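Structure first, then comments.
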Amino acid sequence: FPLLMQAWKLGPALACGNTVVMKTAEQTPLTALYVAALAKEAGFPPGVINIISGYGPTAGAAISEHMDVDKVAFTGSTETAHIVMEAAAKSNLKRVSLELGGKSPMIVLADSDLDFAVDTCHHGLFFNMGQCCCAGSRIYVQEGVYDEFVKKSVERAKKRTVGDPFTEGIEQGPQIDTEQFNKINRMIEEGKQSGAKLLCGGKRWGDKGYYIEPTVFSDVPDDSTIGS
């Protein structure tokens, strides 16, 4: 994602003749810095592509509050987006484009190919260890095929291989940092307390690193944290 999001942001801006000041996520600064080095090698004039590595409250705020910045494009959390929009409005009313996290459910109907549906939903949730703004973490299944879908989903989750992502055959690596690791574990606990049924996973995988077992709940209340 660091490389993809950088391309999505740089491409349109540069194609329209703009210069870019890009702040990377503090967890993944190296990709953007390397791309900037390649851009320099390719002959981009100095000052056209500018990369800032830092934290949101300092480096990010400097961009969103700056009077000479005409447009801000932000990908991240809804909470941070509020801060970005407020800073943009209070400074020079700069335009803002946002790509934020969502929790839209996937829907499986009774006439679906269940094996295909299970594989699709599995990928939709666990892709990139669930660290995706459109991760399908909720699934609504029509009543007639609910039990079979749940059974197949649990079987697939239990087969998912967890470990070093640089090892061949491994499907799931660690979460990116302590904050994400703790957030997921906290949501698992909230799921248990809500009355949802924990069918597999639900705890740390191994004794080191930010690994979490592939986790599946069923009978999730609609008003619970993990169900809403």
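Just so you know, glycine gets a Cβ as well, placed from its N, Cα and C.
Remember, predicted model here, so these are calculated numbers, not experimental data.
Annotated features in Swiss-Prot:
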BINDING   Gly76, Ser77, Thr78, Glu79, Thr80, Ala81  NAD(+) binding site
ACT_SITE  Glu99  active site
ACT_SITE  Cys132  active site
Rounded distance in angstrom between the Cα atoms of Glu79 (NAD(+) binding site) and Glu99 (active site): 12
Ser77, Thr78, Thr80 as binding-site residues, winner by CB count within 10 A: Thr80
Additional residues around NAD(+), ordered along the sequence, whose Cβ is within 8 Å of the centroid of Gly76, Ser77, Thr78, Glu79, Thr80, Ala81: Phe74, His82, Ile83, Val84, Leu100, Gly101
Around the Cβ of Ala81 (NAD(+) binding site), the count of other Cβ atoms that are within 10 Å: 17
Around the Cβ of Glu99 (active site), the count of other Cβ atoms that are within 10 Å: 15
CB within-chain contacts under 8 A for Gly76 (NAD(+) binding site), separation at least 6: Ala25, Glu99, Leu100, Gly101
Other C-beta atoms that fall within 10 angstroms of the C-beta of Glu79 (NAD(+) binding site): 9
Protein Cβ atoms within 10 Å of Cys132 (active site), excluding its own: 16
